[in-house]
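Per Swiss-Prot, the features are:
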| type | residues | note |
| --- | --- | --- |
| MOD_RES | Met1 | N-acetylmethionine |
| DOMAIN | 67-341 | domain 'Dynamin-type G' |
| REGION | 77-84 | region 'G1 motif' |
| BINDING | 77-84, 179-183, 248-251 | GTP binding site |
| REGION | 179-182 | region 'G3 motif' |
| REGION | 248-251 | region 'G4 motif' |
| REGION | 280-283 | region 'G5 motif' |
| REGION | 342-367 | region 'Bundle signaling element (BSE)' |
| REGION | 367-534 | region 'Middle domain' |
| REGION | 368-633 | region 'Stalk' |
| REGION | 551-570 | region 'Disordered' |
| REGION | 555-558 | region 'Critical for lipid-binding' |
| DOMAIN | 575-663 | domain 'GED' |
Amino acid sequence: MVYSSCESKEPDSVSASNHLLLNGNDELVEKSHKTGPENNLYSQYEEKVRPCIDLIDSLRALGVEQDLALPAIAVIGDQSSGKSSVLEALSGVALPRGSGIVTRCPLVLKLKKLVNEEDEWKGKVSYRDSEIELSDASQVEKEVSAAQIAIAGEGVGISHELISLEVSSPHVPDLTLIDLPGITRVAVGNQPYDIEYQIKSLIKKYICKQETINLVVVPCNVDIATTEALRMAQEVDPEGDRTIGILTKPDLVDKGTEDKIVDVARNLVFHLKKGYMIVKCRGQQDIQEQLSLAKALQKEQAFFENHAHFRDLLEEGRATIPCLAERLTSELIMHICKTLPLLENQIKESHQKITEELQKYGSDIPEDESGKMFFLIDKIDAFNSDITALIQGEELVVEYECRLFTKMRNEFCRWSAVVEKNFKNGYDAICKQIQLFENQYRGRELPGFVNYKTFETIIKKQVSVLEEPAVDMLHTVTDLVRLAFTDVSETNFNEFFNLHRTAKSKIEDIKLEQEKEAETSIRLHFQMEQIVYCQDQVYRGALQKVREKEAEEEKNRKSNQYFLSSPAPSSDPSIAEIFQHLIAYHQEVGKRISSHIPLIIQFFILRTFGQQLQKSMLQLLQNKDQYDWLLRERSDTSDKRKFLKERLMRLTQARRRLAKFPG
């Protein structure tokens, strides 16, 4: 790691006696000489630091960040704020430089400290499916630029796609940073007109996450209140709980304003809970003079040591790149340890959710014919099982939904009410009909004798009125069953559009066939009802009850609801007698029609319809030439399944790695 005199303020630091400088492939200015207890403490530190960072880096490499936010340090700043210089100083490698937008893709900078001083520098640039191994720090700038062009294209466009730069060296800190494009306010040249919006959207995507520490780079020679990067950080982190300010270019401060910069660095002006650090990196003149990063660190150390105002910040541990490196590593480790339990729960919940979602899309379709046959058998078997559940009234329903049988029973209850209402509402008309028939058709019978023809004619007319309502109920229930069967097809075959279409076609064909048979049976029943018949003992019992009820009402001088508008029974004994017979027969025929019509509908429209559909679906297995056609998926189904499987695999691997983590 990088150490400096800032460590003198922290005697318990494992690096208190070290003065390693970050310098890429340059030689060390001062080498550490760790002995005894210090060396043991350093080893313990390395044992804790590296596994934490490696864990998060490995999760990021798995792509877990596509599903969940991971602990990270995001580096943001306005253009020309010195952001690139800070990253160069930390990593020891030169990153793409130039005017305008240089960072055009988020760059994950993974710094790994090698234990042995003799270990050679190595690097790796990864993006999409490409991995470029680097053996020299001088290759970094070129390869990162090439990666940006490959992702974002030539020009000045930006992309949300990540580039990973891994640097392993004895002279870098254990740290992972995400470098984001510099904020620009005005589009210049051939930049997109909305470049400011694009960049800010990309930055917000990272800094808004609670798992991200925001490293805001601010030049000392500008008014901190006008800094866009700090304003954006404040929007997503109003309390400054996860924001660290990095003050750059202290050598460009106007004379007489140094005290103001010291106040800012001491967190007295624009308060952040994590405070500020101040660094001096290579300027443009240093770069032109080819000042090495190692020499730049020496120059920075000397600058703060000799500066009348800023030397106090150095003594307080608030200044220089080495102090910043140590601070960032410490912050990242604490942040990782703090967020790991939450991350573990999030991964567990996401894993469960994706597993459930993946079940909806089923398994992959086998390639071989035998496998396809068994796959189709399973699909049709599941469909037929659901149809059986519907027939038996045992299907599973979600909250607030009714079973099919419940909906049918409701229709049957309405039918029973229609039958009862038909007879009750007809009593007024019946009285008039009885009088009409008596006046027109009574033959040589004396008054008081019941005319059976009158009774029979009225009964037939009353029953025939119910035929069309019965057929209407048949159509209503048929639609309910058809919709229920279609829903089962959609549930089981939704991803296989040809299979679903075939099932729907069969449902429609069988529905028409069974509906026709049911209607024929219903109309036949009403034809049979034109034969006035009831078992003698049943009819006698019904007639006796009607007479007893009438006698009781007469005795109590109360009018039954049925006789509110009818003439008094005593006014015409013949009419009263026929009326009693009509009521008795209505009661029995009403019971018969109320029960038998629903029975016909259940038999043809539910049971036979379902059974015929099941047989018809099984017949699909006989035509092997159609397997491919029937099992053709929707265009997005296989892609969605593949996407979910990849997510599930990532999260499964993430859970395993978290389980193995010693922390």
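Cβ from N, Cα, C; glycine included.
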Can you check which residue among the binding-site residues Gly77, Pro250 has the largest number of Cβ atoms within 10 Å of its own? Gly77
Which one of the binding-site residues (Leu180, Ile183) has its C-beta surrounded by the most other C-beta atoms within 10 angstroms? Leu180
Using a 10 Å cut-off on Cβ-Cβ distances across all protein chains shown, tell me which of the binding-site residues (Ser80, Lys83) has the largest neighbour count. Lys83
Counts by DSSP class (helix H/G/I, strand E/B, coil) across the region 'G4 motif' (248-251): 2 helix, 1 strand, 1 coil
Roughly where does the region 'Critical for lipid-binding' (555-558) sit in mean pLDDT, to the nearest integer? 61
